[in-house]
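Going by TrEMBL, these are the annotated features:
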- B:128, B:190, B:213: NAD(+) binding site (BINDING)
- B:236, B:258, B:261, B:327, B:360, B:414, B:419: substrate binding site (BINDING)
- B:258, B:261, B:360, B:419: Zn(2+) binding site (BINDING)
- B:326: active site, proton acceptor (ACT_SITE)
- B:327: active site, proton acceptor (ACT_SITE)
């Protein structure tokens, strides 16, 4: 983990290094993924089953691709009771937070004119859930619940199975608790293509969300436009903005909580206190030795971990905004005041007891957050992602009559005479 | 223009034909566009100027790429006074409608816990404005005003110039009235790449919006992820849902107002009244003869125009939802009642005086709308496109203490022990 004085050059170098982790960089897989997507689009089930055999070694067909009630029951018997209980508690918080994001249809009415917006849920959503080493039931909850709260009537999930055709039981339990309608045993780029174009066995959806490996990310990019997608997730990130009032043990532990995700994860401290930076450094050394994922943590810290010492608060905040971290902790004397200067961050954790993992699992806000500097323009996954809006326009004869000469002038100036005609026929 | 009985097969055939117009289909240009994008990314200004010379025949360099105050003043002297007046009137309506879309930051507070969302405007937005044959000042207003209302502090516009280095004057006037900060003389895929990655002369932005030809559309798709983009626009569409109470002259004129846009534009009547379909058909014949853009209109009607006769209202509405038209007019006995059954449409015009061109220019709602069936999941351009949200999470010591064992359990079950550690160090 490098300890550096914060300068403009430091920031630029760090940004360049972090951006190299972006899935958009992996263009070498693009043609492979495009082939898979196009083949599934043309051949449907046949291609999906063949790729699943090829990549996952699983024999999936039209009769066994959908997870059965019996398999879900079996999953409940395999998952520890305490995990099921925590899933249920977390669900209540997640639902309650997302319910506050719901937007109403609205209209204005004045003298013959009604204008407004009608808000409707998407009809069908597909949620991708990765299989493999790391299984995150919390991720199932975070992707499904905003759709559920938005009122999406049909939620389809797809996730890879193992060679024996089994899906991770905690994924199944989380999906069932969150109210997923159908679960397919299918992963990879082929699953994304199937959801985008539909096959004999897999329903075509309007939007695909959920994390995945580089093949899944590139497949989502390839089908964007045919369907909507969420933003393409990069490796996890935490940035802690701290001053001399921060507890170095807490800061170190929180930085490590993101570093353990992935060798590409990034953990950064920005502080105005050199003493704090030194203390955090030694606390990190102490913790790394005792943590179970120490190899991943060490690589992540070596490559993308920084302790940055800023000359003053202003420089520190500028750095925070430039990096636009997925997770930002503000552990200063006045965290709420400092928050007002933050322009770019996925989720902001304020104060020394707002540890980042609290947001990963439990508090309620979504843990699907913009990464890789995209917090400059993307938002956390939310109910907004599962609705669409239609403009509403209604003019009475009298209201249109008042403005029609203006509309005709505008249309004629744009040389669109059929536009002008459509207004004129009503009055001339 | 084909007149057909509405059946499931008719709908499927029409959808297939309409979707062929999607920009996503034009994969043959993808590698050309990717080359342009990558070259601009590597070489900056040098590449931008060379492509502009090659494609537009214009000599643009670092000293003349930005439109000057004098050029804007000149534009005002070239644009008819009546157009300037109408632009100003339209701006008032557009601003007032979009102001109602603004979202507030919000929070909840209970017993040591603050949760919420902070809403911030994007910092820098790029608006692409096409040059060429058809110049639409209304399009400038519709793309710039939602960003302005959202509070975006820096709005950059880019638009091609002619061989003499001149930009269309009504584009300049509209941009100036809407409050654009800087206007670049640059078009095509190279302009999109320049806005996405920045060059010596062109500012890097966070989001790019605005319509363009197929090269522009593909370039936007290529830079998606590095920056945010609006949805990729396809050709214009109108669908009129009408019963026997509709005025066939108005319906015919409104259908033609979209058909004139483009040979790929689509105009569709769905009606429960065969008599109305026949009357609209003869009114269309009468109008086409006298309209100035009759060649475009005729091709658009031949290829993508339909008069569809439904057996009943239910079938008609099902067809409307399946086609998910950019513009929908409901001209029936009870348009508001029928609107409640509409799931997919970009903008909904209710009643016989809510002619579609009213929305193009004047009423206030945005005319940048989802096309090609994407109203199933995309929304009209709005203030939402120019903001981003950050989650806010603050727990007191007491609040975290109550739930910490649950969080630790969840983290341990996901085998993320550093997550568990970050909570535990605060209490153990």
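We number each residue from 1, going along the chain as drawn.
Cβ from N, Cα, C; glycine included.
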Give me the Cα-Cα distance between residue B:419 (substrate binding site) and residue B:128 (NAD(+) binding site), rounded to a whole Å.
-> 45
Restricting to the same chain and to sequence separations of six or more, state which residues have a Cβ under 8 Å from that of residue B:258 (substrate binding site).
-> B:236, B:237, B:238, B:265, B:266, B:267, B:327, B:356
Return the residues near residue B:128 (NAD(+) binding site), defined as same-chain residues 6+ apart in sequence whose C-beta is under 8 angstroms from its C-beta, sorted by sequence, else 'none'.
-> B:157, B:158, B:159, B:187, B:191, B:192, B:195, B:208, B:209, B:210, B:211, B:212, B:216
DSSP three-state call for residue B:327 (substrate binding site): helix, strand or coil?
-> strand
Would you kindly give the Cα-Cα distance separating residue B:213 (NAD(+) binding site) and residue B:360 (substrate binding site), rounded to the nearest Å?
-> 20
Chain A, Cβ under 8 Å: which of the binding-site residues B:128, B:360, B:414, B:419 qualify = B:360, B:414, B:419
Ten-angstrom check, please: count other Cβ atoms within 10 Å of the Cβ of residue B:414 (substrate binding site), all chains counted.
-> 20
Counting every protein chain shown, other Cβ atoms within 10 Å of the Cβ of residue B:213 (NAD(+) binding site) number 14
Within 10 Å of the Cβ of residue B:326 (active site, proton acceptor), how many other Cβ atoms are there?
-> 29
What is the total of other Cβ atoms whose distance to the Cβ of residue B:419 (substrate binding site) is within 10 Å?
-> 29
Alpha-carbon distance [residue B:326 (active site, proton acceptor); residue B:261 (substrate binding site)] in Å = 13
Going by C-beta under 8 A and a gap of 6 or more residues, the same-chain neighbours of residue B:190 (NAD(+) binding site) are B:36, B:40, B:47, B:48, B:51, B:52, B:55
Cα-Cα distance linking residue B:414 (substrate binding site) and residue B:213 (NAD(+) binding site), given in Å to the nearest integer = 48
State the three-class DSSP label for residue B:261 (substrate binding site), counting H, G and I as helix, E and B as strand, and everything else as coil.
-> coil
Quick one: give me the count of other CB atoms within 10 A of the CB of residue B:236 (substrate binding site).
-> 24
How long is the line from the C-alpha of residue B:414 (substrate binding site) to the C-alpha of residue B:326 (active site, proton acceptor), rounded to the nearest angstrom?
-> 45
